[in-house]
Amino acid sequence: MAEIAGNLQRILQSLDRQFAGNKYLQEFERKTGFPKSYAIAGAGVAYLFIIFINVGGVGEILSNFLGFVLPCYYSLHAIKTTTTADDTELLTYWIVFAFFSVIEFWSKAILYWVPFYWFFKTIFLIFIALPQLGGASLIYHRVIAPLTDPYIAAGSQRKASGISSKMEQAAKGASARATGAASHQSSD
């Protein structure tokens with residue numbers, strides 16, 4: 001329990017540092033005496049609560065909005081980096097997000113069988129979207145890779161063998177032409 005409290009305290013301190021320059025949060029801190037991180041955490045809890053109670057069906061749009069905006073922010077940063085470490089996590093996230101989008105075609109049936117679906121979906125999307133939690137990597141290695149590797153490996157092998165045979169044919173053709181050209185020059 002002490003470890004959880006310590007982690008929570010570190011997260012709140014990190015939020016205070018990240019939003020140190022925000023004038024609205026500075027005003028909140030000045031007027032209330034509470035740290036900026038409390039306003040951010042409170043807004044986050046209120047957002048999740050609105051999704052949880054799903055007043056007027058707003059849970060769906062709020063869940064999808066958060067599921068798009070947060071990873072989109074990380075994706076825009078990843079595009080500008082030269083490393084590929086974050087790319088796998090983000091691609092995994094977008095694969096799972098797309099899967100949810102297809103499944104939600106039947107959202108009425110899902111909502112009938114899974115109450116609070118939008119809330120659970122939001123929590124899951126946060127888990128796989130935040131790189132600090134490593135959720136996307138976990139989902140990739142435990143679910144996506146075992147399901148897709150047999151098909152992708154087979155396709156890659158066929159493609160590689162197809163490329164190799166084309167290269168061999170081209171090399172033989174070039175060799176035959178070179179031999180023919182050399183024999184043609186020697187007969188001149």
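Cβ atoms here come from the backbone N, Cα and C positions, even for glycine.
The feature topological domain 'Cytoplasmic' is assigned by Swiss-Prot to 1-35, 79-88, 128-188, with similarity to another entry given as support. Feature annotation from Swiss-Prot assigns transmembrane segment to 36-55, 58-78, 89-105, 109-127; the stated evidence is similarity to another entry. Sequence annotations record features per position, and here Swiss-Prot assigns region 'Disordered' to 163-188. Residues or ranges marked as compositional bias 'Low complexity' in Swiss-Prot: 170-188.
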Remote residues contacting the topological domain 'Cytoplasmic' (1-35) - C-beta distance under 8 A, at least 6 residues beyond either end: 41
Can you count helix, strand and coil residues in the topological domain 'Cytoplasmic' (79-88) using DSSP? 5 helix, 0 strand, 5 coil
Below 8 angstroms Cβ to Cβ, which residues of this chain, lying six or more residues outside the topological domain 'Cytoplasmic' (79-88), approach it? 131, 136-137, 140
